[in-house]
Amino acid sequence: MTTSSSSTALSVNLNKVALVRNTRHLGIPSVLFAASVCLDAGAHGITVHPRPDARHIRAQDVHELSALLARDWPNAEFNIEGNPFHNLMDFVRECRPHQATFVPDSESQATSDHGWTFPDDADRLRPLIAEAKSLGVRVSLFMDPAPEMMAAAKAVGADRVELYTEGYAASRGTSRAGAVLALYADAARAAQAAGLEVNAGHDLSRDNLTEFLRDVPGVKEVSIGHAFVSDALELGYTATTRDYLRCIDESQRAA
Ligand SMILES: CC(=O)[C@@H](O)[C@H](O)COP(=O)(O)O
Ligand SMILES: NCC(=O)COP(=O)(O)O
């Protein structure tokens, strides 16, 4: 990944490109084309969440993206998200992505809506985290902004946590906005104090990204899909990628 030590990497989640593609048998819009254009425009990585029901990203997409990035963008990161107790570990073993993001979603869940909880999940997560790391894969745990959970996330072997940011996005414009953003900043600091790096994602957009990164310290990577693809329908992948990179740059200047 080619970001400077202080800046935040942009990982484009292509789930929603695959969702549209799957509504016909024509192979368009192409997930590989979307990845190529976004990476050409400066995105630092690609994220996919191959859910067990293959509603959007399919196993073939994962393997084709893994091969494409290895061949054409060796400096870009591939991040595969999923539930390690469902189908994620097979992708980790077969593709050995730069990062695996463990998400506690049920198979039928409409979208991700919560993180892991400790100590409840520690014992069953520990061996799978160790296996992924033994394969050279960085492990990030999808977490709610709970400062008190971060030491336990480190103790179970995680390299990073991904702060689940729907709560932040939903709070904007409400009387709770300041307190919610401060909670995310506290969670990030607690994670970093425990020796974890911090990612963030879910419902981030051009409207809320700069403020989040300005006030939440040291975010290494944001993974953005739904709003990104929605914007790309209007602006195109190249302009959208540049817009999101500009939001990241603005946050660095404002911090
Ligand atoms: C973990 C998370 O918040 C998202 O990365 C997730 O991939 C969203 O999944 P859908 O695109 O299926 O809503
Ligand atoms: N981990 C978050 C992600 O990859 C994309 O989430 P969203 O932007 O589609 O909500």
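For all residues, glycine too, the Cβ spot is worked out from N, Cα and C.
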Matching residue for the 1-deoxy-D-xylulose 5-phosphate site, where TrEMBL names R51, H56 - out of T101, T111, T117: T111
Candidates H49, R51, H56, E81, T111 (recorded positions) - the one closest to R24 (3-amino-2-oxopropyl phosphate binding site) by CA: H56
Pairwise Cα distance for D203 (3-amino-2-oxopropyl phosphate binding site)/R51 (1-deoxy-D-xylulose 5-phosphate binding site) [Å, integer]: 18
Cβ under 6 Å from ligand 2: qualifying recorded positions of N13, R24, H56, H202: N13, H202
Candidates near ligand 1 among the recorded positions R24, H49, H202, D203, judged by a Cβ under 6 angstroms: H49, H202
Nearest of the recorded positions (H49, R51, H56, T111, H202) to H226 (3-amino-2-oxopropyl phosphate binding site), judged by Cα-Cα distance: H202
Among R24, R51, the most crowded of the binding-site residues [Cβ within 10 Å]: R51
